[in-house]
Amino acid sequence: MSKKVKILIISLIVILDQFLKFSVKTNIAPENEVPLIPGFISLTNIKNSGAAWSLWEGKTWIFIIVTLIFIPFAIYFLFFKKYQDSWFNTGLALILGGTIGNFIDRIFERQVVDMIMLKFIDFPIFNLADVAINVGVVCLVIYLFKSGKDTPNE
């Protein structure tokens with residue numbers, strides 16, 4: 001995967017995440033709900049100073065420190081180690097984009113804006129950066145399973 005494609009993935013995630021958060025903060029009052037598909041998915045405007053399920057609520061400094069450690073390592077593995085596997089590169093680019101998106105919020109607002117509410121299941125409210133991070137983790141798990149097989153690389 002080319003450096004340009006990796007940068008494009010990271011940039012798109014950060015830009016879309018920040019745009020969605022800005023739109024929600026501008027158009028939805030805090031803790032109000034706007035159904036997108038009634039009974040299935042809604043948008044809301046929730047401030048979250050923790051992680052999923054409010055883990056480490058108010059411990060923004062932990063997230064900032066972990067992020068400051070993670071970003072240089074991710075950049076190194078993504079741009080300087082030259083892994084050829086598209087699952088690895090896509091996964092790490094998605095995770096890095098999502099991490100940067102939430103990092104921007106934590107630096108400037110000391111919390112993140114969560115807005116995606118699944119109505120059909122008891123699940124934490126989340127944002128686009130969280131989606132990117134989780135999809136990226138799935139890509140890395142696929143990469144790990146693929147790399148563990150005795151088949152030649154494609």
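Glycine too: its Cβ is placed from the backbone N, Cα and C atoms.
Any TrEMBL annotation is an automated prediction that lacks curation.
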Of the ranges 87-104, 105-122, the one TrEMBL annotates as transmembrane segment is 87-104
Residues outside the transmembrane segment (7-24) whose C-beta sits under 8 Å from one of its C-beta atoms, at least 6 past its ends, are 43-45, 90, 93-94, 96-98, 100-102, 104-105, 112-113, 115, 127-129, 132
Taking only the CA atoms, the spacing between Asp114 (active site) and Asp130 (active site), expressed in whole angstrom, is 9
Same-chain residues at least 6 beyond the ends of the transmembrane segment (124-145) with CB under 8 Å of its CB atoms are 13, 16-17, 20-21, 44, 46, 48, 52-54, 85, 87-88, 90-102, 112-117
